[in-house]
Amino acid sequence: MLSSVPVLSWLPRYSLRDNAIGDLISGISVGIMHLPQGMAYALLAAVPPVFGLYSSFYPILIYFIFGSSKHISVGTYAVMSVMIGGVTERLAPDSNFMMYVNATNQSMVDVLARDTERVKVAAAVTFLSGLFQMLLGLVQFGFVVTYLSEPLVRGYTTGAAIHVIVSQLKYTFGISPKRHSGPFALIFTVIEVCYLVPETNIGTLVVSLVSIIGLIMVKELNTYLGKKLPVPIPVELLGIIIATVISWQVNLEGKYGVEVVGEIPSGLQPPVMPTASLFGQVIGDAFALSVVGYGIAISLGRIFALKYGYKVDSNQELIALGLSNSIGGVFQCFAISCSMSRTMVQESTGGKTQVASALSAMVILVIMLWIGALFEELPKAVLAAIIYVNLHGMMKQFMDIPTLWKSNKVDMLVWVATLILTVLFNPDIGLAASIAFSMLTVNEIPGVVIFRSSATLYFANAEMYQDALAEKVRSQELLCTTQAYFDKLAKRLSCFAYILLWEPDSSENEVEKGVATVEEGSKPVSTLPRAIILELSPVNFLDTVGVKTLRNVSRLYALISILLNRLTCSASSPRSFSPSFSFSLSLSISSDKMPKCNVAKMRDTIQAK
């Protein structure tokens, strides 16, 4: 029960003296950020802004109960919102809600009917994505995030950010481009926007430019005074307050045709079960949302868990996010994940637990009940400006390209390919294509496999170790070695035995001595791997039985060489090895496989030990 409902574990031990002040300041600061971001990201999801506030309230309370991260701020997120927007605009396009107005002899969109249908679509895909996440969590499928490498995630979020920017151009210029779907939709949309630029609403464009410049200036001031300010200046909140007052006083909508947010109903929506008939049309989008949302949240959660020394349960995170989305879907929210900007503010302002997130939800509750209606005159161009400025961090990810070029060209290729695929296709199709491309870059090292025991090697399990190795070799169920995993192993400060398997052209006496010779042109055994790596990182000591086991393994598989890689020989080290271990592994040292500067020192150290 405690692992399934983590709040029952940590909340009774909550320290008011140590955490209350920090969580209070952090909760208010993040709650203030939720207001403009929730309304802005609702535009990305193509639903009325108030539903962004709902999505900043219900899911946060659910995650407070079931989440295992202490620091991340869940709620609306740009990438998730633009993916939702793609679904809602595809299934409820403007063309389905055109009505003829006799007074003007023109056709216009029935906005109320369209928005009602889009809310149903968003709730359905959110509910279904939550079910997917819960199912994956229940079957312990948290390792799925393994396939979302950091270059892939960063390339994908950069590509999705470009989709976000293009989707907001209509609010910046005050135009109404047609909605395009399918491959190359973004390119068609850009062409359409360029065609409509002459029809730009000048008032809307001025509001956009002033808002962007003002937000950037205050954010730069925040950065410059970061160490001197107890909390960051709430630039987005100030922006929407000032813009709303000016819009109300000047009547921007009436005089200049600037589109505003419109009616924001007070109070909360009653729960409504999502429309089940829509599930079949959004199942693919729902699965993509579940994977992307989880990947972003767990990646950020692990960063802060490592920083503050606690553990984030990947499977519990799936269940927590799944419950947040599925219950949120019932209350007409759209899919949520973790926001980098809000999380950084939550951590930097002193937030130490998810109490800060719960307090931020209370701020949103107050706004929805009593304050929300005051923002009805807020220009949508200001919300678009907030989105642009908040995406500037994602745009900085383009600097990954020269960095990856220097460190790992394959990772750079994955990053660039993911960006291109995401831009050319919709974010959901782009994600699937990017994962497929990423998997194609993972090539095995031919003939090299790994055998790992998760316990030390001593008299109680020595025979089982040898039997398990023999069984795995016969069945070829050893872990296939990729270059990336091989490089990762090589960097670890631990000991590995490299056992090379060949058809030895040697006498029996030579093998008994633990030394095998290979004649030039000899061929490897066709039914066995050419090399087996015994990963011995869990082995911190060996008794005499363990030593004999390794010697038997070397005889059985015609040992050519055993290489010690970065052996830690310090007497004070917890990984110090016994003399017998050093002796058994010093039978044959392949000097050409060590860094040349360390060969002599390594040999002398081993001999001394």
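Keep in mind that glycine also has a Cβ here, set from the backbone N, Cα and C atoms.
Feature annotations, reproduced from TrEMBL:
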DOMAIN    438-555  domain 'STAS'
TRANSMEM  43-66  transmembrane segment
TRANSMEM  121-145  transmembrane segment
TRANSMEM  204-221  transmembrane segment
TRANSMEM  233-250  transmembrane segment
TRANSMEM  286-306  transmembrane segment
TRANSMEM  318-337  transmembrane segment
TRANSMEM  357-375  transmembrane segment
TRANSMEM  382-399  transmembrane segment
TRANSMEM  419-442  transmembrane segment
Query raised in the report: Are there residues at least 6 beyond the ends of the transmembrane segment (419-442) whose Cβ is under 8 Å from a Cβ of it, and what are they?
Result: 79, 82-83, 86, 147-149, 152, 155-156, 158-160, 162-163, 181-187, 284-285, 288-289, 291-292, 410, 413, 482, 484
Query - Stretch of maximal Cβ-Cβ contact with the transmembrane segment (121-145) [cut-off: under 8 Å; candidates 43-66, 233-250, 318-337, 357-375, 382-399] - result: 318-337
Query raised in the report: Out of 204-221, 286-306, 318-337, 357-375, 382-399, which stretch has the largest tally of CB pairs under 8 angstroms to the transmembrane segment (43-66)?
Result: 318-337
**Report entry** Recorded stretch, among 204-221, 233-250, 286-306, 318-337, maximising Cβ pairs under 8 Å relative to the transmembrane segment (382-399)
**Finding:** 204-221
Query raised in the report: To what whole number does the mean pLDDT across the domain 'STAS' (438-555) round?
Result: 62
